[in-house]
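**Q** To start, I am sharing the structure in question, which I have written as structure tokens.
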Amino acid sequence: MAGNAVDNANHLTYFFGNITREEAEDYLVQGGMTDGLYLLRQSRNYLGGFALSVAHNRKAHHYTIERELNGTYAISGGRAHASPADLCHYHSQEPEGLVCLLKKPFNRPPGVQPKTGPFEDLKENLIREYVKQTWNLQGQALEQAIISQKPQLEKLIATTAHEKMPWFHGNISRDESEQTVLIGSKTNGKFLIRARDNNGSFALCLLHEGKVLHYRIDRDKTGKLSIPEGKKFDTLWQLVEHYSYKPDGLLRVLTVPCQKIGVQMGHPGSSNAHPVTWSPGGIISRIKSYSFPKPGHKKPPPPQGSRPESTVSFNPYEPTGGAWGPDRGLQREALPMDTEVYESPYADPEEIRPKEVYLDRKLLTLEDNELGSGNFGTVKKGYYQMKKVVKTVAVKILKNEANDPALKDELLAEANVMQQLDNPYIVRMIGICEAESWMLVMEMAAWGPLNKYLQQNRHIKDKNIIELVHQVSMGMKYLEESNFVHRDLAARNVLLVTQHYAKISDFGLSKALRADENYYKAQTHGKWPVKWYAPECINYFKFSSKSDVWSFGVLMWEAFSYGQKPYRGMKGSEVTAMLEKGERMGCPPGCPREMYDLMFLCWTYDVENRPGFAAVELRLRNYYYDVVN
């Protein structure tokens, strides 16, 4: 996404940010216009792209650097590079399509920072408001949504931001647009944009000498927008920004946005809003007033018998439904927040959380087929009738014939932990039923365990795996902050709601730590998953969030190995001996080096030097943003 790519270039002394071509040329003139003098700037046409401005023979030459789908950067027809800096370094040795070698960077003058683009000015506020009002989220649920889905949200906001702009009038007719432009002031350059059809095309209506001119804005097969034979842009607001600086094929520059009838320009929430003064040279840069629809409740869940809550159709990398709408552009991509398990079922104020964790068996319906089984018994799909909705649930059913009090105690202990947890990346408990068997009723994650899913879907790309393990790190960071130790973190205990949404499950071994504790000491060695355990767990029976970090490193190895078993063919004692010698599992084939480095860091022998989940999540987050953008 544009924002992150720009953030990654801000450290370059020769990066000037969102300056115009003319401003770039002025800087090169200041530098003497010597052959090979160059600077880097943000592309004003392409999201996430850059432009290279080079002096040669006393003239400035400009090259667009586009960000490819795989995250690399290239000048059209040239070779791909990992970053704009790498591209510049390469062209300092090989001209390959440029007028000359890049010889000397023109650095920003002292005290000058890269110029912020119009979208960066609005982005953070737009994202926050969009998430608040689309999903009616608040507090931690809001923050978690923004952190985990920021790349997708940035792209979404960037491509739909025009809908918040005063100059966008949606699906009105040509006649209506003319009438609207002619109302009020007759300032030359007054303009609006309207949607033309369902194929994603628009029309620019521009007032010049009392007449309304119409320019068609077409969308090509790659999704780029342009007036006929004009420059191409990724978004409408980039197109408007460009033509507010120069006519470039229009009869004149865009000056004053024609507002929708009944819309007052000013600051949001201001009852006596003062009109904003508009002038050529960057309309978007001064747009600080945009109005969102009033917050509303989420659409009501479907009735019993309609689509399941964890539908398999969610995919944040592909559009859902029809491609283009008259008012919407590309349909919004589905995200974890669209599922019914992102928030607690009790987030709805009308769904009153019961004082007791025990549920009424008559309100629970079970399907016959098993989702899974284990030493404890079986897991079945079910439906629980809440006050307002029927909730699709997973039900862990204790073996009845065993009548083992220890199994019952384990189930109740797990329920005791789960009832205290509420996070989008942790499977929540709905309650317990005591009937023909003891039952633990939980949120449904229909796609099943992460390890099995990856074993069966080896086509899943790295960025999808990184997305999922980042979500797990967010859930574990929440556990760490809540003073809980999981003690059984493994890919088999991460369940998928969709291909792009993971939740941590199986809290049977989990322990709550007192405020004055930072570890739990087990009294005896149990049936432990030793291959996932840190040395201090095996040697001293000590468990902490730091030992969960070790397990998380093993989980990452499982994920990037597409569900392979760690330390395959080795006994627990052999694994322990291997770790004591300082040896670790090797990097899975094809795994990004940055991800293996993080695994290795998680496997730091000394618990004091091992990072906590706050550091692990942040490192994963930054890498995830980088590869997805």
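Along the chain as shown, the residues are counted starting at 1.
A Cβ is built for glycine as well, from the same backbone N, Cα and C atoms used for every other residue.
Got these off Swiss-Prot a minute ago, pasting:
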ACT_SITE  Asp488  active site, proton acceptor
BINDING   Leu371, Gly372, Ser373, Gly374, Asn375, Phe376, Gly377, Thr378, Val379, Lys396  ATP binding site
DOMAIN    14-106  domain 'SH2 1'
MOD_RES   Tyr46  phosphotyrosine
MOD_RES   Tyr130  phosphotyrosine
MOD_RES   Thr255  phosphothreonine
MOD_RES   Ser270  phosphoserine
MOD_RES   Ser289  phosphoserine
MOD_RES   Tyr342  phosphotyrosine
MOD_RES   Tyr346  phosphotyrosine
MOD_RES   Tyr358  phosphotyrosine
MOD_RES   Tyr519  phosphotyrosine
MOD_RES   Thr524  phosphothreonine
MOD_RES   Ser573  phosphoserine
MOD_RES   Tyr623  phosphotyrosine
REGION    107-166  region 'Interdomain A'
REGION    259-364  region 'Interdomain B'
**Q** Spatially, and counting Cα to Cα, which of the recorded positions is closest to Tyr346 (phosphotyrosine)? Options: Gly377, Val379, Asp488.
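**A** Comparing Cα positions, the candidate nearest Tyr346 (phosphotyrosine) turns out to be Val379.
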**Q** For the recorded positions Thr255, Ser373, Ser573, which Cβ has the most other Cβ atoms within 10 Å, all shown protein chains included?
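**A** Top count of Cβ atoms within 10 Å goes to Thr255.
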**Q** I need the CA-to-CA distance for Ser373 (ATP binding site) versus Asp488 (active site, proton acceptor), whole Å please.
**A** 17
**Q** What does DSSP give as the helix, strand and coil breakdown of the region 'Interdomain A' (107-166)?
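**A** Going by DSSP assignments, the region 'Interdomain A' (107-166) contains 44 helix, 1 strand, 15 coil.
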**Q** Fill in the CA-CA distance, Tyr358 (phosphotyrosine) to Val379 (ATP binding site), as an integer in Å.
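**A** With the alpha carbons as reference points, the distance is 18 Å.
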**Q** Could you list the residues of the same chain, at least six apart in sequence, whose Cβ is under 8 A from the Cβ of Tyr46 (phosphotyrosine)?
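**A** In sequence order, the residues whose Cβ lies under 8 Å from that of Tyr46 (phosphotyrosine) (at least 6 apart) are Thr64, Glu66, Arg67, Phe233, Asp234.
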**Q** On the DSSP side of things, how many residues of the domain 'SH2 1' (14-106) fall into helix, strand and coil, could you say?
**A** 18 helix, 30 strand, 45 coil
**Q** With Ser573 (phosphoserine) as the reference Cα, tell me which of the recorded positions Tyr130, Leu371, Gly377, Val379 is the closest one.
**A** Gly377
**Q** Where Gly377 (ATP binding site) and Tyr623 (phosphotyrosine) are concerned, what is their Cα separation in Å, rounded?
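**A** For Gly377 (ATP binding site) versus Tyr623 (phosphotyrosine), the Cα atoms are 40 Å apart.
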**Q** Using a Cβ cut-off under 8 Å and a sequence separation of 6 or more, which residues in the same chain sit near Tyr623 (phosphotyrosine)?
**A** Ile466, Pro592, Glu594, Met595, Leu598
**Q** If one looks at the chain holding Leu371 (ATP binding site), which residues at least 6 apart in sequence have a CB under 8 angstroms from its CB?
**A** Thr378, Val379, Lys380, Lys381, Ala394, Gly448
**Q** Of all the modified residues here, Tyr130, Tyr342, Tyr346, Tyr358, which one's CB has the most other CB atoms within 10 A?
**A** Tyr342
**Q** Using C-alpha positions only, work out which of the recorded positions Tyr130, Thr255, Asp488 is nearest to Tyr342 (phosphotyrosine).
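**A** Checked the recorded positions Tyr130, Thr255, Asp488; minimum Cα distance to Tyr342 (phosphotyrosine) goes to Tyr130.
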**Q** I need the CA-to-CA distance for Thr255 (phosphothreonine) versus the residue listed as 'active site, proton acceptor', whole Å please.
**A** 62
